[in-house]
Amino acid sequence: MQAALTAFFVLLFSLLSLLGIAANGFIVLVLGREWLRYGRLLPLDMILISLGASRFCLQLVGTVHNFYYSAQKVEYSGGLGRQFFHLHWHFLNSATFWFCSWLSVLFCVKIANITHSTFLWLKWRFPGWVPWLLLGSVLISFIITLLFFWVNYPVYQEFLIRKFSGNMTYKWNTRIETYYFPSLKLVIWSIPFSVFLVSIMLLINSLRRHTQRMQHNGHSLQDPSTQAHTRALKSLISFLILYALSFLSLIIDAAKFISMQNDFYWPWQIAVYLCISVHPFILIFSNLKLRSVFSQLLLLARGFWVA
């Protein structure tokens, strides 16, 4: 029974990974083609293609890592393979968190109806900052990854050359992984998460008040404008839930509560990668350009299937 349940979660994780890789790859291909055609991208498209690329790579790295260690039965407490994976995983996770934050800020300054002078100034200036913010996010993520490697490398170097006894190696790994890294990661990931949370809550509150004002002025729930605002609210709330779930999952994952030998490992991996697999579809269906290309592909696939 346990083996069948594990197989079910492995299959579900595989399906989720394939969908995430396909959706993020689709976003990158569509916007990349437009970039090559016109030589430039709008600020929103810059963030979307950056977010799609980082999520595509993150999902790919995570999937390969999970199945490699599952198949090889490699001990998860150390080794060069783990170092190689964590370097890429930390970099891509950090970049993805920052890109999501800038996406929420851009949505906020473009859509939210706030009349404060600082917000109006930010509304005018922020789109021009987007390329530099994306580049800065990549540099920050790279520096953070190097710091993690610099702190972690001496311990694993000692582990590899077997200078520590087995008990000492275990104590070092447990102490660093369980007590030091989670707090450090919490501090680092809390910065983009706070930016995301503030901007998304401002936007949700602004849309909610605007929708209530429209209903108070006699607009029915079936009014196209009211429905558009309602859909936007639902999309933002789902983004908030998925992002918060991803943040909490990564913090708990950093604490190493669930190892690869644990029965709940595969369900937990589904929770960790849920946001980067599901949210791309929300972006596709809420973006006119992406939705149009996606609909054309569905029509082509349907015509091919019927033929």
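Quick reminder: no glycine exception, Cβ is built from N, Cα and C everywhere.
Feature annotations, courtesy of Swiss-Prot:
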- Asn167: N-linked glycosylation site (CARBOHYD)
- 1-7: topological domain 'Extracellular' (TOPO_DOM)
- 29-40: topological domain 'Cytoplasmic' (TOPO_DOM)
- 62-88: topological domain 'Extracellular' (TOPO_DOM)
- 110-129: topological domain 'Cytoplasmic' (TOPO_DOM)
- 151-183: topological domain 'Extracellular' (TOPO_DOM)
- 205-234: topological domain 'Cytoplasmic' (TOPO_DOM)
- 256-264: topological domain 'Extracellular' (TOPO_DOM)
- 286-307: topological domain 'Cytoplasmic' (TOPO_DOM)
- 8-28: transmembrane segment (TRANSMEM)
- 41-61: transmembrane segment (TRANSMEM)
- 89-109: transmembrane segment (TRANSMEM)
- 130-150: transmembrane segment (TRANSMEM)
- 184-204: transmembrane segment (TRANSMEM)
- 235-255: transmembrane segment (TRANSMEM)
- 265-285: transmembrane segment (TRANSMEM)
When counting Cβ pairs under 8 Å to the transmembrane segment (130-150), the leader among 8-28, 89-109, 235-255: 89-109
Range from 8-28, 184-204, 235-255 with the greatest count of C-beta pairs under 8 A to the transmembrane segment (89-109): 184-204
Secondary structure content of the topological domain 'Cytoplasmic' (286-307), with strand meaning DSSP E or B: 20 helix, 0 strand, 2 coil
Residue distribution over DSSP helix, strand and coil in the topological domain 'Cytoplasmic' (110-129): 15 helix, 0 strand, 5 coil
Residues of the parent chain within Cβ reach of the topological domain 'Cytoplasmic' (286-307), under 8 Å, 6 or more residues beyond its termini: 26-27, 30-31, 34, 45, 48, 231-232, 235
Sequence-remote partners of the topological domain 'Cytoplasmic' (110-129) [C-beta within less than 8 Å, at least six residues beyond its ends]: 43-44, 202-203, 206-207, 209-210, 232
Contact set, same chain, for the topological domain 'Extracellular' (1-7): CB under 8 Å, 6 or more residues outside the stretch: 263, 266
For the topological domain 'Extracellular' (1-7), the number of residues DSSP places in helix, strand and coil: 6 helix, 0 strand, 1 coil
Residues from the same chain, set at least six apart from the ends of the topological domain 'Cytoplasmic' (29-40), whose C-beta lies under 8 A from its own: 48-49, 52, 289-290, 293
Model confidence over the topological domain 'Extracellular' (151-183), averaged pLDDT: 52
Secondary structure content of the topological domain 'Cytoplasmic' (29-40), with strand meaning DSSP E or B: 10 helix, 0 strand, 2 coil
